[in-house]
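Asker: Quick one: structure below, then a few questions.
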Amino acid sequence: MELKSLLVVIFGLALCLFALLYGTGRLLDVKERKRGYVWNREPIASSRLRSVFFAILLRSYAISVKTPLLRHDVLKVRQRLALLHRYDEFSLRRATMKFVILLALLYGAAVGLLFVWKSGIVFAICLLLAIAVIQGNLLDAYVNRMEQKLLEQMLDWFAAVRHGFHRHGMVGDAILESVDQVPAEIGMHAERLYEALTDSKPEEALDKFNETAPNRFLKMFAGISRLVMEFGDRKRERGSLYLRGISGLAGEIQLELLRRKRLEYLLQGLNIIALAPFFFTKPIERWARLNFPLMNHFYLSKTGLFVKIGLFIVILICYVLLQKLRGDRVMPSYRVSQGRKVPWEARLLRWGVVRKLRGIFTPPSATAAYSRLERLLKDVNHHLDVGQFQVRRMTVFAACIILAIGTLIYMHAQSRNWILSEPPAGTVFFGTMSEEDSRTAAKAAEQDRRIMIKLGMKSGIASAKIAEAVAAGWSIGGGKLDEQQAAGITQRILDKLERWNREYVKWWELILSLTAGCVGYFSPLWVLKFQRGMRLMDMRHEVYQFQTMISILRELERISVEEILEWLHTYAVIFKEPLQKCLLHYGHGGEDALREMKEQAALNEFRQLCDKLLLAAERITIRDAFDELDGEMSYQFERRRLDYEKSLDLKAGWGRLLGFCPMYCLIFAYLVIPLIWMSFEQMDIYFKQIQHI
C-alpha cells in the first residue's frame, strides 16, 4: 500500500473513532437523563459499556497528566472546564479527556491533510497555527455554551425560589425546596448555596462559594439572600425586597440571554466563512496550474508565495478579530478573581538586557504618552502594567522582523529552485500538457540546469561561451540543434542566470522587514484600542447593573458605603480591580479612596456613581443620595436596550466585513488577478510570435 493510501485509511479510522466516542458519550448522556442521574452520585457504572468508557477516560487522564508533551494542554483544558464541574472531580476529568481527544483528532486530521495534499512548508506552518487558534476557540465556545445553558436554568431556579418564598417566607427553606425542582447543573449550585447560608460561619462559607460561582448573577443572588437572612425582608409599597431583588436579577439575566442569542445569530457561521478560504487555497492552485500551465510562473514565484502568505495572515487576523467581537463570550482578561500566573513578560524582565531595552522603548512616566498608554490599559482592565506591555510590544517587534527576513530568504530560495527547474515557455496555454510535451519540457529544463551549474551559476557570461556550453551539453543529450534553436536556448539560459543571481535579499526588502516589525510593534496597541471600542458598551452596561444592585441595597437601613462597595466588588467583572483597590484604601480614608477611584475611572457613568457614593459617605444617607434611581430605572432599562441594539448592529457590521474579507481576498488576489496576469502574458507571447512571422 502506498503512503498516500495508508494516510487516507488512518484519517478515515480517526474520523470513525471520533464518531464512535461522540456517539457513545451522547448515548450515555441520554441514558443518564432517563434514569434520573443525580449530580453528586459516585461514578458507579450502570452498564458495562458505560463503565468501560469512563474507565478509559479516567485512565487516559492519569497517563496524560504525567506525559510532558500532553500535560500542559490537559491542564489548560481542565482549568477552563473547572468552573462547570467544580464539585465533581470525576466529571471534570472525563470532560477534560473528551475535549483533549477531540483536539488530538483535530491535529491528526491536519497532519493527514498535509500528507495527502503534499503541501509545502508555508502551508504546513500556517495550518498548524490555524489549528492552534481553532482549538482555543472551540474550548471557549464549549465553555460559554455551557454558561449560557446555566443562565437559562437560573431563570427556572429563581421561579422555584420565588414560589418557595411565597409558601414559607424563609430564604433558606425556599432555596432548599427549589433544589429538587431544577436541573442537575444548577441544582448543585443551589445546594452549595444553602449549605453556605446555613453554615456556622456564613461569611467564610459565602466567600468560598463566591470563589467557585460560575457567573456574577449567582454571586449577586447569594449576596441578596445573605443580606435578607441577616437583616430581614423589607416590604415597601412595591412589595417584598427579596422578591424585587429576584425580579431584578431575572430581568438582568433575560436581557443578557437575549443579547447573547442575538449576537450569536448575527455572527453565526462567520468564523467558518472566514476560515474556509484557508482550505481552498491548495485546490484552487492545483486547478489553475492544471488547466493553465502558464499559471505555474505565478504560483511558484516570489509574488505567488507572497500573496499566499498575505492571504493566510489576513485569514488568521480576521478570525481572531471575529472572536474578539464575541467579547461577551470570552473574557480572559476580566476573570481576575481566579488568580493569575506570572506573565512571561515579567519573566523576561529578569534579564538585564531586556530591562535596558524596556527603558529605551518605554516613555518617561511624567509624559503624556505614558499617561495615555496607562489609561488605555486601565480602560480595558488589562493585567499588564506599562513596562510589561512594552516588553510584549518589543517581543512582537523582534519576532515580526525575524519572521519577515526568514520569509524573504525562503522566498528567494524557492525562486532560485523554480528558476533551475523552470521549463521553457510552450505554446499550450489552456488545458493539460500531453505526456510527450511534459517529458520534452522536463528534459529541456534539466539540460538548462546542468549547463547553468557547469557555468558556475554566474551572471555576465559572454553569449559565445554559453553557446559553446549549449552545443556541448545538448550534443551530449543526443539532440541536434540548428542555429535558431541554439540562439533561443542560449538566450533562455542567459536570462535564467541573470534572474537567478538577482535573487538575494535587497535593501528595500530589509526596509519592508523593518516596516513589518513596526506593524507588529503597534499591533498590540491597536488590539487594545479595538477592544476598548467594543467594550465601551459593556462597561456602561455593568454600571447600569451596579445601579440595579444599589436600588436593592439602599432599602437596608444599616447598610454602609463600604458594604455597598464590597457587594459591587463581588458583582463586578470589568471594574473589579478599581473597586478592589478602593476597598483596600477605604480603611485609611473612605473619601480619599472614593476620590482616587473616581480620578482613575474613564467612563462618565462610573464617575457619576462615584460622586453619589462620595456624597453618601460625607453628608447624607444612602437612600437620599440615590433617591432618583426609582424614576430613572425605567429610562435606564430602555436606554440599555437601545445601547444593546446599537452595539449588536455595530458588531454585526464588523462581523460581516471580517467574515467575508478572506473570501474576497482568495477570489481576487489568488484567482482573478493571476488570471488577468496570465492573459497579459499570453498576449505578449502572441505578439512576439506575430512579429517573427
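Placed from the backbone N, Cα and C atoms, the Cβ positions cover glycine too.
As listed in TrEMBL for this protein:
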TRANSMEM  6-25  transmembrane segment
TRANSMEM  95-115  transmembrane segment
TRANSMEM  121-143  transmembrane segment
TRANSMEM  265-284  transmembrane segment
TRANSMEM  304-322  transmembrane segment
TRANSMEM  394-413  transmembrane segment
TRANSMEM  507-528  transmembrane segment
TRANSMEM  657-677  transmembrane segment
Asker: Do any residues of this chain, six or more beyond the ends of the transmembrane segment (507-528), have a C-beta under 8 angstroms from a C-beta of it, and if so which?
Answerer: 324, 373, 376-377, 380, 382, 389, 392-394, 396-401, 403-405, 408
Asker: Please figure out which one of 121-143, 265-284, 394-413, 657-677 racks up the most CB pairs under 8 Å against the transmembrane segment (304-322).
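Answerer: Of the candidates 121-143, 265-284, 394-413, 657-677, 657-677 scores highest.
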Asker: Report the listed stretch (121-143, 265-284, 394-413) having the maximum count of Cβ pairs within less than 8 Å of the transmembrane segment (657-677).
Answerer: 265-284
